[in-house]
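> Pulled the feature table from Swiss-Prot, pasting it below:
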type     : residues      : note
BINDING  : 251, 253, 397 : Mn(2+) binding site
DOMAIN   : 484-614       : domain 'Ricin B-type lectin'
REGION   : 324-400       : region 'Catalytic subdomain B'
TOPO_DOM : 1-12          : topological domain 'Cytoplasmic'
TOPO_DOM : 36-622        : topological domain 'Lumenal'
TRANSMEM : 13-35         : transmembrane segment
């Protein structure tokens, strides 16, 4: 699942991706944030205590840093891990697997456990030794236990999507669904195997399915892909195989908690245009303990990575912890009326592998207009439906340490995000291009044919994206004042770029150009220079502005710098100088042999140094 929670360490962000992806730590190594995001998303932590509330020398240094970065990425991300029998175990002390578990294991046991961990991204060794029917703590708000539900509710088909999942994890997902869903409500379970190469998911899984179906004929269906289609198209495959009035689309590394189904089916029975997400808790990847997560809505940033949000103010005012939480988007696992899902266009099967489809669905439902509709409502919010998170429906989900699903997740998410932007986001599509640091014209990225999706939007009579931002996602920060963006380079040393430096400091630096988030620069019509991430919501204070502080360049939170009337306005024209309006000092490079790349940023009397930025949207007037 893709949703983030904010941290303030050198490991700057962890992103959780839906479906067959998982948790990836976005590492800022050697002052470089490797922005290869994948499944929890940069986001505001919901309130935890209230559930309601010289050239050779330079080259060698670069190589050393890149080598270190590569090693970290291999350990933490491992885009394409070897099979269990092929994986070479790292030194035990280097693996996060043994930080809180496994000290009592023999060396051989640790070796086996580590091989499986490298392959699956979670502790399959431990999972194989846990009962399939293990109990879970009831983490629902206390009021949920007193709720009553209609006797007559629609049946549900539960769909599990997987590729190379550990068999015990998959079986525990199935078992918990069967044990904790009332039998009269659970019509069937559908397993979508996206072309797994793991042999135990063939013969052994077939034996299990045959055993269950021997007692309940046809209860478990298996859909096997002949090639890997990716999470998005796998979900659609599962929907096509489903026959119940309601379809629940889930990852295959979850465990259902007691009473999860009745609240969901009740809300859909009341209004079939509701798309529902349960509230998620965490199954820790190392020791499989259940970690309670605060209640949260689900949103996204301008790269369209999912992120957890604090519930809206209107929800807090209810003072009712059992009330549904209105949510701008979905993180990936959701429950939907089967026919309604088809009416609004399912998922965009022109997307690749993973990412963006959950955001697209949430926006689409929101923008659909009710006017003139017979059977086809628009994209959930824009198109007449709604998205809710239910506090009384709780499901635990494994956040993997790394994912086995794709070698380049970021490229897929970026491409999919641009499809969403071009179809649904109107003039705000520029924000997606800016966040990804991509030219808005001739981006060089083939997003495929979007004709059918544009026709769908027209057919569904969806509202504008501006309406969505104002009415559904008012927390989303708008950046209509940005007139230039990209990386900022000085003519004196063009292989170095302005960089935000370590997260823990406020001193900008110059660093070898890599084009990732720490080097993103945004120049506004009010002559401010933002460096680093585009803060997604108005509640975040992540935006940092370049400021002249006692003749030294510093990065200060923009809102604070403005309130304190600091020197944060800069005259800049493409190929010209960057001069502070008040102090008249220029941002320049100065040779310094003590610095890593031989140069440092200074503010001094202008000497004629020239700066260029990658993308200019409007004329820059100095």
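Each residue's number is its place along the chain shown, starting with 1.
Cβ coordinates come from backbone N, Cα and C, glycine included.
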> For a quick check of packing: other C-beta atoms within 10 Å of the C-beta of residue 251 (Mn(2+) binding site), how many?
25
> What is the Cβ neighbour count of residue 397 (Mn(2+) binding site) at a 10 Å cut-off, with all protein chains included?
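There are 26 of them.
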> Relative to the Cβ position of residue 253 (Mn(2+) binding site), how many further Cβ atoms are located within 10 Å?
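There are 27 of them.
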> Per DSSP, what is the residue count of the domain 'Ricin B-type lectin' (484-614) in each of helix, strand and coil?
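The domain 'Ricin B-type lectin' (484-614) comes out at 9 helix, 62 strand, 60 coil.
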> Summarise the model's confidence over the topological domain 'Lumenal' (36-622) as a mean pLDDT value.
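Per the prediction, mean pLDDT sits at 87 for the topological domain 'Lumenal' (36-622).
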> Quick check: in three-state DSSP terms, what is residue 251 (Mn(2+) binding site)?
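In three-state terms, residue 251 (Mn(2+) binding site) counts as strand.
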